[in-house]
Amino acid sequence: MSEGTDSDLSRELGMVAVFTLTTGTMLGAGIFVLPGPAAEGAGSAAALSFSLAGLIALVATMCAVELATAMPVSGGSYYFTSRAMGPLIGTVVGFGTWLSLVFKGSFALVGLGWYVTEFSAVPILSVAVVGGFLLTVLNWVGAEKSSWLQNLIVGGLVVILGIFVGKGLFAADPTLWQPFTAGGVGGVVATTGLVFISYLGVVKATAVAEEVKDPGTTLPRALFSAVVFVTFLYVAIMLIITGVMPLDDIAESTAPVADAGRLFLGALGGAVVAIAGIFATVSTANAAVLSASRFPFAMSRDGLVTPKLRQRSSRFETPTWAVWLTGCVMITLVLAFRGDVEGLAKIGGTFGILVFALLNLTVVLLRSAQPEWYEPAYRVPFSPWLPLAGAVTALLLLPFMGRLSQVAAVVFVLFGIGWYAVQRQIGEPVEPDHDIRDLLLGAQYRQSIEEKASKSREFTDLGSHVLVETFEGETNPLLCTLMTAFAEEFDADLEVLAISKIPPQTPIVEPAPHADADWKEPIESAHTLDRDEHTVTFEQIHTHDRGAALIDAIREETELVLIDWHDPIRKHHFRESHVDEILRSPLPVRLAVLKYRETGDIEDIVVAAATNPYDRAEIELADAIAAATGARLTLVKAIDEEAAEEAETSAREYLTDLAKLTDSPTETELLRTDDIDRALVKRANAADLLVMGGPIRPERIREFFGQTTDFVPAETTSSVLVVKEPGVQVPLSRRIWRWLSRPD
């Protein structure tokens, strides 16, 4: 067993090789063993079960091809999910997909023993063990030699089954198909879960993507053709079997395909079909060894298993240890299960269903995040709905897979998590260095950019209304600057309130006219709004309930409520305040709270955020202030010092894209720090105005402060503007009004 280095595998697999490899992993022991229990569960509608399983497999194939053309690297579904969701999930999926193929290969080896015993009285397990050893040797000496055998076997199998289908369709008696759904709809669904095992190979075939010539063209053509072709054969074979044999006879048969062949092809035909069974099981087992061995190879390259598994033969250019490990485990399972085909098939099928679902979700996540490196040559149509539908449908089959397989899946998932935890401590550095949180964050960034780009300036020219509340009629210069900037930005009328709260036992008395003039005069002299374009109104209110008075002043067209805040700007000071009342009201208005700290003229504005994307309001309002004052605008984001490179790249791209949406000249800064909150405080202290947004998570939509926004505004010495988007959906009538009011 010679060993070489761990460099890349050679590209030598073409269209025919990939088609036959994929067909071989599907067109195997399943169709020769499962028709009996399938017909027993669903009757003639078992053909429909094969069709439904084929549709689910086709969607997963579309997702696998998109991922494979973006990442044509050995490892298949393991590599795809690990790059999207990180090494922890990659470890679980890697072990799961490897084991699903190993179990399917063991299932096929036992099936090989069954069909060989049709011609010779040799022990079934002996045939399975010897066959497994020979196929392991074959895959060790080279993928090209293995694929050559695959071409030969699948070619012979297709010819034999083609004759079976061609003759059988004319021999079938349609009256035997009645009743078509003997087991009802439930029987069809349950049988879909049973026969799903037959389709596992289609996704696993992408494990050899690194060895495929021109993967962008070869993989879609080969895999899609294989799924459609095999599904047609499965459906036709099931219709023929149920059309020439009563359901009771099919259920009792151990070789229903061969028995059906004898009825319309004669004894010789039955023997030929038995030979086809040998071809099919050898094809499945061979494809399983070839594909499965690439998973430990890929995991080893990422530091998740021993380095030996990435060593390749210097003579044959194949992953030596990975091939032999796969072959030995496959043979061991044959002996451990003592030829229990159904047990092997169900456990393998359960792992396959989970992998199919995860592949579909991986496409959805990568499409949402759109990392810079993700440029597939093929894209799944109708995304994300088609991949999501495929994932949900696949998962609905799990309850029908049996308790043993479900328990085994849970055990191996826990094993994968434990293995990853240990390997991180004692093994090599693992790859990739990011996890699913980084991808989800990238998706959030992308969605945030798209939302801001599509909705930017949607309030312009709408005759909007900006409501400003001063504190007891006292007005600071920054408040005047901000109200002017916002009125100009949104082309809005301005209403300024001075709300005085009086004790409950004191009667409410309307304020005197001269008092009204006293408090509004500084604002009149400070704002620079054109009275011909903007209406500015003032009102002084005495009330027992400050929150109710402010809410009563909010109109249908009010887009922003700006509040001058004099108390400490901490979470507990806002609880039960009039700000809290607005947050919890069903009013779809933006809310901005200003804490003025006498910082002088505004020359430097910092818009700061920690991990999450910016709120749209904080960007638009900061841009409006910068435009009105000529201040320098800087978007600052802080990430953890230990954050993955993927997270840093996503954050930088996000800041760059976001800066393009502002009208004012905008700079960006990305801070790596072990204390995000204090880093933001330090950066804010160097500015004149800090702008921050409230929490965006749905469960905190009606809160004004998150952890960072509770700490940073309180600790900085700069003036602070904390802003919040509406906590409720904007009414349909109002959205229609906005749309109709848009300029042409």
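Glycine is treated like the rest: Cβ placed from N, Cα and C.
Of all ranges given (12-34, 587-609), TrEMBL attaches the label transmembrane segment to 12-34. TrEMBL tags one of the stretches 378-398, 399-419 as transmembrane segment, and that stretch is 378-398. Feature transmembrane segment, per TrEMBL, maps to range 182-202 of the set 182-202, 623-643. Across 148-170, 182-202, 223-244, 264-290, 318-337, the stretch most heavily in contact with the transmembrane segment (121-141), judged by Cβ pairs under 8 Å, is 318-337.
With Cβ pairs under 8 Å as the measure, the transmembrane segment (223-244) is packed most heavily against 182-202, out of 182-202, 264-290, 318-337, 378-398. When each of 318-337, 343-366, 378-398 is scored by its Cβ pairs under 8 Å to the transmembrane segment (264-290), the top-ranked stretch turns out to be 318-337. Same-chain residues lying 6 or more positions outside the transmembrane segment (378-398) and placing a CB less than 8 Å from one of its CB atoms are 56, 59-60, 62-63, 65-66, 69, 189, 192-193, 196, 216, 219-220, 350, 353-354, 356-358, 360-361, 363-364, 367-368, 406.
Here the transmembrane segment (12-34) has Cβ contacts under 8 Å with residues 57, 104, 107-108, 110-112, 114-115, 143-144, 147, 150-151, 153-155, 157-158, 161, 194-195, 197-202, 204-205, 208, 211-213, 218-219, 221-223, 225-227, 229-230, 233-234, 237, 255, 257-258, 276-277, 280-281, 283-288, 290-291, 341, 345 of the same chain, all six or more residues outside its ends. Averaged over the domain 'UspA' (604-724), the predicted model has a pLDDT of 79.
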